[in-house]
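Comments concern the structure below.
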Amino acid sequence: MTADIRLFTCLTDNFGVLIHDPATDATAAIDAPEAGPIIEALDREGWTLTDILVTHHHADHIGGIAELKQKYKCRVVAPHDKKAPIANVDLRVGQGDIVKVGTLLGRVLETPGHTLDHISYVFDDEKVVFAADTLFSIGCGRVIEGTYPMMWDSLLKLRALPDDFRLYCGHEYTASNVKFALTVEPNNAALKARAEDVARLRAENKPTVPTLMGEEKKANVFLRADDPAVAAGVHMKGASGADVFGELRERKNKS
């Protein structure tokens, strides 16, 4: 593990994230919600932005691209869906493509559902995944453009990652996600422990990410929609994972 990663707040509840390669001084931003906090974080570290790795086209993930590209002349990497309204793109990528940030290698996973163009970036050597608005800590993104089965398939791709991978997501939603998850699995010991940890972190005004994929596999009801205990929690014993996931997402939308 050689990369340096910095996490900070953008907008209201978006996360800004930088991943830096000490060997080459290359630095990538994962999305660009707004330019100001990203520039401030770069200045604090003495880093120069070389890349922006875009996950999807929503405005709260691309709003800072134009200013950052003008200032740093950085490369913009984005999903291959050219219909998505992302400007200033230098490289378009899809499933299985490798993106280099200096000597760091990021593998692209197509994770549609929240949007049709959504991708995640997996840095296997660093044991880290940047999943943006597909997988949150103890939650997942709203299914806006895709379908519930599509989103479920995307979550399964992420669930296949090893337990010791760190998850970075796009928003600080963990407290509300925990509150909802406890309505489904009030007796899940891992979830209750996570709830206590989240309450402590938020009381100290600290972020609840990164988290570990192994912890998500124990406590995230959306990631475990094919677990009989989760199905029972929404009165859908014997239903498919995709169907249980759809019910979970509908309930969360209304919560």
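Glycine is treated like the rest: Cβ placed from N, Cα and C.
Swiss-Prot has this to say about the protein:
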| type | residues | note |
| --- | --- | --- |
| BINDING | His56, His58, His114, Asp133 | Zn(2+) 1 binding site |
| BINDING | Asp60, His61, Asp133, His171 | Zn(2+) 2 binding site |
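Structure with Swiss-Prot features highlighted.
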residue : record                : Cβ neighbours (10 Å)
His56   : Zn(2+) 1 binding site : 28
His58   : Zn(2+) 1 binding site : 23
Asp60   : Zn(2+) 2 binding site : 18
His61   : Zn(2+) 2 binding site : 24
His114  : Zn(2+) 1 binding site : 25
Asp133  : Zn(2+) 1 binding site : 26
His171  : Zn(2+) 2 binding site : 21
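Neighbouring residues of the recorded Zn(2+) 1 site, listed in sequence order and excluding His56, His58, His114, Asp133, comprise Thr55, His57, His61, Thr115, His118, Ala132, Thr134, Gly141, Ile144, Gly170 (Cβ within 8 Å of the Cβ centroid).
In this structure, His171 (Zn(2+) 2 binding site) is part of a beta strand by DSSP. Apart from the site residues Asp60, His61, Asp133, His171, the chain places the Cβ of Asn14, Asp31, Pro33, His56, His58, Ala132, Gly141, Gly170 no farther than 8 Å from the centroid of the site's Cβ atoms, the recorded Zn(2+) 2 location.
For the pair Asp60 (Zn(2+) 2 binding site) and Asp133 (Zn(2+) 1 binding site), the Cα-Cα distance reads 11 Å.
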